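According to Swiss-Prot, the protein carries these features:
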BINDING   Gly42, His43, Asn44, Gly45, Ser46, Gly47, Lys48, Ser49  ATP binding site
DOMAIN    6-242  domain 'ABC transporter'
Amino acid sequence: MVSPIIDVKHLDYRYPQQATDQLTLHDISFTVMPGEWVAIVGHNGSGKSTLAKNLNGLLAPAAGTITVDGQVLSEETVWDIRRKIGMVFQNPDNQFVGATVADDVAFSLENQGVPRSEMLTRVQAALEQVNMQDFATREPARLSGGQKQRVALAGMIAARPQILILDEATSMLDPRGRQEVLTTIRDMKANSALTVLSITHDIDEAASANRVLVINDGEVKEEGTPAEIFQHGEALIKMGLDMPYAERLKAALKRQGVQVPAQYLTEKGMADWLWQLRSNK
């Protein structure tokens, strides 16, 4: 039987300035299986980014356990676990350290002591995978937001983590940049057994995941497939979230007497279905 690659049990967290009876995270429990894409959604201040920082040891929980690939997260294991996790943050400008795109992608490999010949091969392959090979000698500051996040993802590809955590990685991007990043992640998953955990308030992004956790007031309120979660439209709105564009479009079509198959959860899926519907007329 396959074991979870992430296993969180009864996790509590409070910030130092909080009173002892106040918790930012309360009794959080969930698992993530190898190769799964799980989206953790919630409004700003719900606790989802605090959870992400607990998962890779940037913050230490007040109670509960986090197990990653069979290792319980602790002061003794944190560096081993961090080697298994790649993290892409909200602001791409905060994660660049190299003078050029290629230098930045190579940074984590230098820290790992990867031989130079292998490093060059992995950097080139990673940039090709995110379609940024023509920008290898560019300064990161001169890239667009979507390009910067694709370079950050290239750094993760080159480092070959088992788990990729995206902490609001698309929230500062325009729609085109957001789509570039999500397409890159789908391609990464198609080419490897990568496990993805995306922390987001963008309910449309969650439609790409295999499973969705909804966090509100520091607690897991809902868990299920995107289709199951999107059925709880009113509950999501009460928690400060919106319904995905595809679901709003479905509702509008149903009001016009057009029945839409339930499996179309994304804008692209709906566009393809509408085009097929039009072509059949």
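Using N, Cα and C of the backbone, Cβ positions are placed for all residues, glycine too.
Overlay of Swiss-Prot feature records on the structure.
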{"residue": "Gly42", "record": "ATP binding site", "contacts (Cβ under 8 Å, 6+ apart)": "Lys48, His201, Val214, Ile215, Asn216, Met239, Gly240, Leu241"}
{"residue": "His43", "record": "ATP binding site", "contacts (Cβ under 8 Å, 6+ apart)": "His201, Asn216, Met239, Gly240, Leu241"}
{"residue": "Asn44", "record": "ATP binding site", "contacts (Cβ under 8 Å, 6+ apart)": "His201, Gly240"}
{"residue": "Gly45", "record": "ATP binding site", "contacts (Cβ under 8 Å, 6+ apart)": "none"}
{"residue": "Ser46", "record": "ATP binding site", "contacts (Cβ under 8 Å, 6+ apart)": "His201, Ile215, Asn216, Asp217, Gly218, Met239, Gly240"}
{"residue": "Gly47", "record": "ATP binding site", "contacts (Cβ under 8 Å, 6+ apart)": "Tyr13, Thr24, Leu25, Ile215, Asp217, Gly218, Glu219"}
{"residue": "Ser49", "record": "ATP binding site", "contacts (Cβ under 8 Å, 6+ apart)": "Asp167, Glu168, Ile199"}
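Lys48 (ATP binding site) counts 25 other C-beta atoms within 10 Å of its own C-beta, drawing on all protein chains shown. What surrounds the ATP site, by Cβ distance within 8 Å of the Cβ centroid and not counting Gly42, His43, Asn44, Gly45, Ser46, Gly47, Lys48, Ser49, is the set Thr50, His201, Ile215, Asn216 from the same chain. Mean model confidence for the domain 'ABC transporter' (6-242) is a pLDDT of 88.
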